[in-house]
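Everything on this sheet refers to the single structure shown next.
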Amino acid sequence: MNGEQNRPMKRYMPGLDGLRAISVLAVIGYHLDLEWAQGGLLGVGIFFVLSGYLITDQIILEYRTKNKLSILHFWMRRIRRLLPAMVCMLLLVALWLMTTDFSRLQALEGDFLSSLFYMNNWYLIFQEASYFESFGPASPIGHLWSLSIEEQFYLVWPVVLLIGLKLMPRRGKLLLSILLLASISAIAMAVMYEPGTDPSRVYYGTDTRVFAILIGAALAVVWPSWKLSDRISPSARAVLDITGGLGILLLLILIGRSNEYDDWLYQFGFLYLSVVTAAVIAVLVHPASRLGKIMACQPLTWIGKRSYSLYLWHYPVIVLSSPTVNTEGAGFTQILLQVTLSVILSAYSYKYVEEPIRRGNFRSQLHLVRKRNLGKPLSGLALVFLLFIFVSWSKNTTKPESDSDMPVITPETIQSDILQRTNN
């Protein structure tokens, strides 16, 4: 009986939802081209470190408590958590394009298929597609490359980590091995990046981005959440909170002051971001941290819990409701409507897709759907549909008057733009 009571348990860490909220808001701000979020693409890097920590922490806890790991069960949990909401989004985007621009849907066939099989990042690399510049309309699902990297990691990492736990029971050797892999990946990014050129290859690549996830994994080895205690001295608590506060401040500065064409970002910036993020996570998961409680405030927690849905939905909403060519940028009203649509769709996805499937099983959820009054959710979806039609219609008012007003995009103009941003 005492053994059962002393067994370490997985616990909810609401402070991490606050960090998720900051990350997804940064990404949304970046895709809206807001001035304060020119480095909002770093939010994806923060998510990578978070994923590496949480997944590794979960795997090690299961292995230590049960002396085994069900890899198949782990994969099924990941599929239930991530795939249904993404499939729902892909279906609705495909239906929208089918009715409004079927030729565009046909052109995006490879994007859809590669996203379904979580190989989108490699598909984009082989297509030599740029994340930062485009010769035509942007793909409304062009943000799914990051989910592909995470799923590829989830597929391989449990097997690799299980072997590591069996061969290296002492965590020092395991930690060094993980850090060695992370170093190889970070060096690959720095070496493969060519200053003054489009960085999409190193930005998309699993090989050049996995170091962020591995740094989170390394933190889980030395700082497991289920071993932390709130019984620490006041001075240690102060050190924790000061470290975490400075870390969050540094993350906000990086998001506000960097941009996608900064050479230093690919040479050491993403690595620096990952280390700072790991330090912040270490503070937020500690039960004695006051900062963790501050970051767990209700608004941030609400956003953080729905961060996956927000990430899924915001980009297709922005792309499909924005002019293909817009030299003046989005106005306040358009941005407000796009954010509103994204939040509503995310809230519905979280409540009616993510949580039911993750918490129960498909059969029981179908039974609940039959019993539940769907009037309110269907009315809400109808409102979303009408809002989306309005935003999509209003975008046409910003189109150039003639073809002569449209900028000509060529490889030379892209190179010039990259050099100009780099100099700035």
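Placement of Cβ uses the backbone N, Cα and C atoms for every residue, glycine included.
Quick look at what TrEMBL annotates:
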type: DOMAIN; residues: 14-347; note: domain 'Acyltransferase 3'
type: TRANSMEM; residues: 12-32; note: transmembrane segment
type: TRANSMEM; residues: 38-61; note: transmembrane segment
type: TRANSMEM; residues: 82-99; note: transmembrane segment
type: TRANSMEM; residues: 152-168; note: transmembrane segment
type: TRANSMEM; residues: 175-193; note: transmembrane segment
type: TRANSMEM; residues: 208-226; note: transmembrane segment
type: TRANSMEM; residues: 238-258; note: transmembrane segment
type: TRANSMEM; residues: 264-287; note: transmembrane segment
type: TRANSMEM; residues: 308-325; note: transmembrane segment
type: TRANSMEM; residues: 331-353; note: transmembrane segment
type: TRANSMEM; residues: 374-393; note: transmembrane segment
Point to revise | Cβ contacts the transmembrane segment (238-258)/the transmembrane segment (38-61), at least three under 8 Å, sequence gap 6 or more | key: yes
Review point. At least three Cβ pairs under 8 Å linking the transmembrane segment (264-287) and the transmembrane segment (82-99), pairs spaced 6 or more in sequence?
Key: no
Study note, to complete from the structure: Near the transmembrane segment (208-226) in space but 6 or more residues beyond its ends, with Cβ under 8 Å, are 8-11, 13, 45, 48-57, 60-61, 149-150, 153, 157, 161, 171, 174-175, 178-179, 181-186, 188-189, 192, 201-202, 270-271, 273-275, 277-278, 281-282, 285
Exercise for review: Summarise the model's confidence over the domain 'Acyltransferase 3' (14-347) as a mean pLDDT value.
Suggested key: 95
